[in-house]
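What follows is a short report on a single structure.
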Amino acid sequence: MNNNQCRVYYPFVGPFDPCPPIRVKTYVVPPNQFIPFQPMNLPQYPLPEALRRGTLWPALFSPYPCPPVGKGGGDY
Amino acid sequence: MWIYEKKLQYPVRVSKCDPRMAKFLAEQYGGADGELAAALRYLNQRYTIPDQVIGLLTDIGTEEFAHLEMIATMIYKLTKDATPKQLEEAGLGAHFASHDSALFYNNAAGVPWTAAYIQAKGDPLADLYEDIAAEEKARATYQWLIDMTDDVDLQDSLKFLREREVVHAMRFKEAVQLIVDDREQKKVY
């Protein structure tokens, strides 16, 4: 449930663009998009880890930023 | 109803990688005297204006949307390939925090567009004089924008847009004349 949250698309790159192109753009589709109503008894993180991650359930955890290039990754 | 042609009214070529200019161009995108304000102002006023100038407001209002699209193209070209860091250096850090590199209807200082920028008084002369003033202010804004860039290709598109403001102001002045003249017309019933 980790890496497929990150989607990429390839924007149009014109022949006369003034700046060097960014060829890959990314956006996030977090897991809540796929769970219409949370089922009972989902697996849980150990409590200290849940506190750190912000959620009790691995099924809802959404890492950020996206790993691929796009918006600069770990650069900013 | 409108018919859309998938091309710009006049070509937009941007040759200099200068995201700073995008911030200034926003004045004509979502500013008080910008193209959005102009289009919405005219297309709204036209319902309550004498018949002989309705068509003029429709035509000019429609053209303003074509101008809006040109400005959008300029801003998009200047910002689409900028990283968050480059946007920040261009003075667009606050914009990025709210909009990423999406375009938004705000002025060069980041103030969002508001309907308070435009007016519809229902009085033909009051409305047409406002329209003339708006065109002259937009012309001046284009002049300052032309002064702010040394990209000759961008200047070329801006000069076209500036010239259209001159023509629109002229047409609005003629519309005023049409409305004023009607009073002196000798009418035989």
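Positions of Cβ are set from backbone N, Cα and C atoms, glycine also.
A quick note: this is a predicted structure, and the numbers were derived from the prediction, not measured.
As given in TrEMBL:
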BINDING   B:Glu35, B:Glu64, B:His67, B:Glu135, B:His168  Mn(2+) binding site
BINDING   B:Asp59  Ca(2+) binding site
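Mapped onto this structure are the features recorded in TrEMBL.
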residue  : record              : DSSP class
B:Glu35  : Mn(2+) binding site : helix
B:Asp59  : Ca(2+) binding site : helix
B:Glu64  : Mn(2+) binding site : helix
B:Glu135 : Mn(2+) binding site : helix
B:His168 : Mn(2+) binding site : helix
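Report note: the Mn(2+) site is defined by B:Glu35, B:Glu64, B:His67, B:Glu135, B:His168, and the residues of the same chain whose CB lies within 8 Å of the CB centroid of those residues, excluding them, are B:Ala38, B:Ala39, B:Ile60, B:Glu63, B:Ala138, B:Leu161, B:Arg164, B:Glu165. There are 24 other CB atoms within 10 A of the CB of B:Glu35 (Mn(2+) binding site), with all protein chains counted.
Between the CA atoms of B:His67 (Mn(2+) binding site) and the residue listed as 'Ca(2+) binding site' there is a gap of 13 Å. Every protein chain shown contributes to the tally, and the Cβ of B:Glu64 (Mn(2+) binding site) ends up with 26 other Cβ atoms within 10 Å. Of the listed binding-site residues, namely B:Asp59, B:Glu135, the sparsest Cβ surroundings within 10 Å are found at B:Asp59.
Rounded to a whole number, the distance between the Cα atoms of B:Asp59 (Ca(2+) binding site) and B:His168 (Mn(2+) binding site) is 10 Å.
Rounded to a whole value, the Cα-Cα separation of B:Glu35 (Mn(2+) binding site) and the residue listed as 'Ca(2+) binding site' is 14 Å.
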